[in-house]
Amino acid sequence: MINPLYRKHIISINDMSSNELELVLNIAAHLKFKPQPELLKNKVIASCFFEASTRTRLSFETAIHRLGASVVGFSDAHSTSLSKKGETLADTISVISTYVDAIIIRHPHEGAARLATEFSGTVPILNAGDGANQHPTQTLLDLFNIYETQGKLNNLRIAMVGDLKYGRTVHSLTQALIKFDSNHFYFIAPDTLGMPSYILHTLIDHDIKYSMHLNLAEVIPELDILYMTRVQKERLDPTEYINVKAQFVLQIHHLLHARANMRILHPLPRVDEIAYEVDQTPYAYYFQQAGNGVFTRQALLALVLNKYLTE
């Protein structure tokens, strides 16, 4: 049986069915407990980061090495012909695709990853974040952690806190969880950084419950997952950043009435939105979350490059 993700571009979480999402999570769980150090032996994968990244890039490159593949690429767009010589993204991808078996791309411009698919031929493109648009591999690792801690992806109460306007992680995660039944969302953000209307309209179209709040404490007792985000300084003007950066800070006293099963996730980096004392509580799961990113990215690479990998 051919796996449905073989040679598929991974650009948006919306491009994946619930069955495909579950396939990635199942393979990730398998690889976590049964490493396959030669699964991608002799494969070469390009890591093309036109925008700064630490966790995503290192997580992907660790995943590549642990599967036995080789990695080539760059972490600074200013060192490339695209920047120095004016080469187009189309030409860059057209050339790189002749060298490698898959291309991982992060780019500051929305839509860049999908544009890359038009010039990569049969080489799959994996979107590692395009502007404020999508970050599907982060979403997959978020889903993995939710399933690992809650044992399900449906009938959950999930709060998303902080920068919901520019935070591509919360956009992608909400769209992924829409594919599973009976989830209830709580959006906690200042008015200037609320969830985009297109996400809210999608929730309404699917008859999914959501509510908007300005108070973190009032919803914590109801939650299974508390998804914190930082206010993204690089996407705001300085005045707006100063006004909102510390408006929603999770303190240890907020957790006094939390459910025993509740877990705190964060895509990282953290600035000051989670007090360091919270790290020592059983609710904190963001460092385990980051570690699990290696397994979910291993699973995704394994699936797009292995025709018959289904379990």
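Cβ atoms here come from the backbone N, Cα and C positions, even for glycine.
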Residue in R106, R114 which Swiss-Prot records at the carbamoyl phosphate site where R55, T56, H135, Q138, L268, P269 also bind: R106
Additional residues surrounding carbamoyl phosphate, by Cβ distance to the R55, T56, R106, H135, Q138, L268, P269 centre under 8 Å: S53, T54, S59, A128, G129, T169, P267
Binding-site residues compared (H135, R230) - the one with the fewest other Cβ atoms within 10 Å: R230
Site with most surrounding Cβ atoms, counting all protein chains shown within 10 Å, from the binding-site residues T56, Q138: Q138
